């Protein structure tokens, strides 16, 4: 029985952390807009899946570490630390001034930078000749994912977030033309990597959320610029991925989720800060929340089917 459980844990793909990040973030957003029951449901779903990931890391550490040799898995692995930061932020609302939660957040921050350095050294520096086919949209997760530090830091250490957001913005504007060229000009993405296109939506909105979280409405013109840029990319990406979700299931399906959630969060925060007041943007906020809710639920169901199918196969044999 133990051997079968270990084998099941090995079958859990690390990219599931992207779904966990989306579930916790969506639950947090739903709580913020007043949908308490629904918000708690998605947070609990994310926590349950995170328990499985923890079990995988603790009980099959060699397998988990070995999987980081894959450049795509290594580039999406920081969704684990991003999830821990968001979980810490949510827990801090329920249990303020708790040293364990503070420690969990700082642990996630440090581990995120370790994963960044690991990816940079192994999958960029050590690659003899880096080519366009070696570059994936998931690079945004590795380098711009630090924006989550800024979006969650007010409950822990504001100054850290105020510093980190500048690095997140730097990496975003550095990588954006490169990733756009990779997706729309070079193309040649394998079917399993196509969902990663959705990640193009995330970094701009994440930087916007992080910036608003640490600086408020300072630099209104820059905020509006970042909002227009991120929303333009959001709708471009939605148009691009409209047929991908009907393809065969891959663990990379998790990429469909958090980018849509963080985009909805960005619109909500811009409205909340009084930067836009036209009724159109209120409607847009609800529309993007609905789209995120539908996609996260869809991917959650597909992942559950995937996991339960593995359970049935393993315990049957």
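Glycine too: its Cβ is placed from the backbone N, Cα and C atoms.
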When TrEMBL is consulted, the range among 82-100, 253-271 described as transmembrane segment turns out to be 253-271
Contact set of the transmembrane segment (103-124) with the rest of its chain, CB cutoff 8 A exclusive, min separation 6+ beyond the ends, reads 68-69, 71, 74-75, 77-78, 80-82, 84-85, 87-89, 91-92, 130, 134, 142-143, 145-146, 149, 152, 155-156, 160
For the transmembrane segment (12-33), the candidate among 222-241, 253-271, 291-315 having the most Cβ pairs under 8 Å is 253-271
